[in-house]
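Just below is one structure, and these are the notes that go with it.
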């Protein structure tokens with residue numbers, strides 16, 4: 001019994017000593033994080049979709065803060081995120097990356113053809129924002145409020161029952177198409 005007590009005390013003291021050494025080393029040799037990278041990363045939507053050309057939001061934030069990468073490449077964040085990053089970095093806002101259609105992007109949503117869904121859960125595993133709900137061997141569905149339209153759930157589906165479609169127009173996302181309004185110059189008479 002005496003040997004067990006000695007062993008427990010010795011191991012406790014060793015664990016305490018090594019814990020203190022590790023604690024000291026972690027503070028002494030800590031690498032300082034760039035606060036600008038953290039701030040840019042907080043502004044990004046954290047969908048980890050890769051549409052910007054980087055494997056996730058953190059690498060894109062590092063490229064923007066340290067390497068001067070363009071601030072307009074986050075498709076899910078769109079113009080609001082680009083404006084916030086421009087304000088944070090004190091740079092001029094840029095037009096969104098891509099063609100003219102990207103300036104007013106159409107919100108895309110994943111839609112599951114539910115009768116053809118086999119419930120394999122591969123789309124659930126691929127979704128970075130947990131917008132797909134369902135269970136193994138049960139029908140899955142997409143929560144449209146959470147879906148960012150990142151397209152990461154489409155390829156893993158073995159039955160190709162997922163596709164991206166434009167979001168339905170509602171009063172929340174409707175915008176007036178100014179190109180449909182006829183513009184006429186109205187002559188104004190000048191009175192003396």
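Any Cβ shown, glycine's included, is placed from N, Cα and C.
Going through 147, 150, 157 against Swiss-Prot, the one listed in the [4Fe-4S] cluster 2 site together with 117, 120, 123 turns out to be 157. Checking the candidates 127, 161 against Swiss-Prot: the one annotated together with 147, 150, 153 at the [4Fe-4S] cluster 3 site is 127.
Annotated pair residue 157 ([4Fe-4S] cluster 2 binding site) and residue 49 ([4Fe-4S] cluster 1 binding site), C-alpha to C-alpha distance, rounded: 16 Å.
Taking H, G and I as helix, E and B as strand and the rest as coil, DSSP gives the region 'Hydrophobic' (1-26) the counts 25 helix, 0 strand, 1 coil. Cβ contacts within 10 Å of residue 52 ([4Fe-4S] cluster 1 binding site), excluding its own Cβ and spanning all protein chains shown: 22. Taking DSSP states H, G and I as helix and E and B as strand, the domain '4Fe-4S' (32-91) has 32 helix, 0 strand, 28 coil. Counting residue by residue with DSSP, the domain '4Fe-4S ferredoxin-type 1' (108-137) contains 8 helix, 7 strand, 15 coil. Residues 117, 120, 123, 157 make up the record's [4Fe-4S] cluster 2 site, and a Cβ search at 8 Å around their centroid adds 112, 118, 119, 121, 122, 124, 140, 153, 156, 158, 159, 161, 162 from the same chain.
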